[in-house]
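Working notes for the structure below.
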Amino acid sequence: NHTTVVEFVLLGLANSRHLEIILFLFLGLAYFLILLGNISVITITLTNNSLQTPMYYFLRNFALLEITFTSAFLPSTLYSLLTERKTISLPGCFLQMLVFSCLGACTFFHMAVMSLDRYVAICHPLHYTAIMSSRLCLQLILSCWALSFLSIFPPTIMTVQLPFCGPNVMNHFYCDISLLLELSCTDTGFIEELIFIILILILPGTLIVTAVSYGCIIVTILQTPSSAGRRKAFSTCSAHLMVVTMFYSTCIYRYIRPEQRGGQDSDKILSLFFSVLTQTLNPYIYSLRNRQVKQALKERILKFS
């Protein structure tokens, strides 16, 4: 009843029309590659009988998660770059914030689960099929979604119920919860502290699981007698760690630094890194570089041709 703002203005990524067109082409290509790579992963792992293992089950779900995560904000960003329309309605902004935050949190949990899967496969190969049963895989996936929803939903609902009396301008290209809190015309200290605690639990918590898993994997690789096997394993792990490092470092600096409130141009660049660049690389780093996936993709292309 106290809300006077009916829409928010997203300043977007650029001030000049020329730069907006360049960014539209760049982000349009990135979105196309995200969709192409992840749809290819889902299709190949579903239709190939040799890829019905826990690793590809997690990769398939991760690909679906990435499609929905980027689709929460990239189409509207592309539309605003093309049409110069900068406004978004209150319900649309709140929905985008909820979906983006929930799926972003789920990405962290999912990366931790995939690192655990690789740890079991490499460090305990003889017990892999017994440990990573189909039931456990399903439970892990459902836990990722449940934990992300339960952690993000309370502060999001509290933010939605805040009064917004103006101003209504956000220096960003999607509805960010920290910027929404700045625009509220009431005290938001409790919500900010709650969000900070949740982020501390999710980001460093899942990072520790991922780092320990890859640390054990590297120790096991070093004990491998074959030098060719070590080089191949290190090549795969280094690519995974590059994406993980980029994703976590940008997210932690964006949301857990002391001056947590955003709104600077540097925040938009950081957001582009973890929400677009890493999502573009993920299907090619995690899946399409895999020998079995490449072979299955090659067979599928030959079949259609």
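Keep in mind that glycine also has a Cβ here, set from the backbone N, Cα and C atoms.
According to TrEMBL, the protein carries these features:
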{"type": "DOMAIN", "residues": "37-286", "note": "domain 'G-protein coupled receptors family 1 profile'"}
{"type": "TRANSMEM", "residues": "21-46", "note": "transmembrane segment"}
{"type": "TRANSMEM", "residues": "58-82", "note": "transmembrane segment"}
{"type": "TRANSMEM", "residues": "94-116", "note": "transmembrane segment"}
{"type": "TRANSMEM", "residues": "136-153", "note": "transmembrane segment"}
{"type": "TRANSMEM", "residues": "194-222", "note": "transmembrane segment"}
{"type": "TRANSMEM", "residues": "234-256", "note": "transmembrane segment"}
{"type": "TRANSMEM", "residues": "268-288", "note": "transmembrane segment"}
**Report entry** Spatial neighbours of the transmembrane segment (136-153) far in sequence, C-beta under 8 Å, 6+ residues away
**Finding:** 54, 57-58, 61, 98, 101-103, 105-106, 108-110, 113, 198, 201-202
Report task. Give residue numbers and ranges for long-range contacts of the transmembrane segment (234-256): same chain, 6 or more residues beyond its ends, CB-CB under 8 A. Result -> 104, 107-108, 111, 115, 118, 178, 196, 199-200, 203-204, 207, 210, 214, 217-218, 221, 262, 267, 270-271, 273-274, 277-278, 281-282, 285-286, 289
Report summary line: Residues outside the transmembrane segment (94-116) whose C-beta sits under 8 Å from one of its C-beta atoms, at least 6 past its ends, are 55, 58-59, 61-62, 65-66, 68-69, 72-73, 76, 88, 140-141, 143-145, 147-149, 151-153, 156, 159-160, 174-177, 180, 202-203, 206-207, 209-210, 213-214, 244, 247, 251, 275, 286
Report task. Could you tell me what the rest of the chain brings near the transmembrane segment (58-82), counting residues at least six beyond its ends with Cβ under 8 Å? Result -> 10, 12-14, 20-21, 23-24, 27-28, 30-31, 34-35, 37-39, 41-42, 45-46, 88, 96, 99-100, 103-104, 106-107, 110-111, 113-114, 117, 137, 140-141, 173-174, 275-276, 279, 282-283, 286-287
Query - Per-residue pLDDT averaged over the domain 'G-protein coupled receptors family 1 profile' (37-286), given as an integer - result: 87
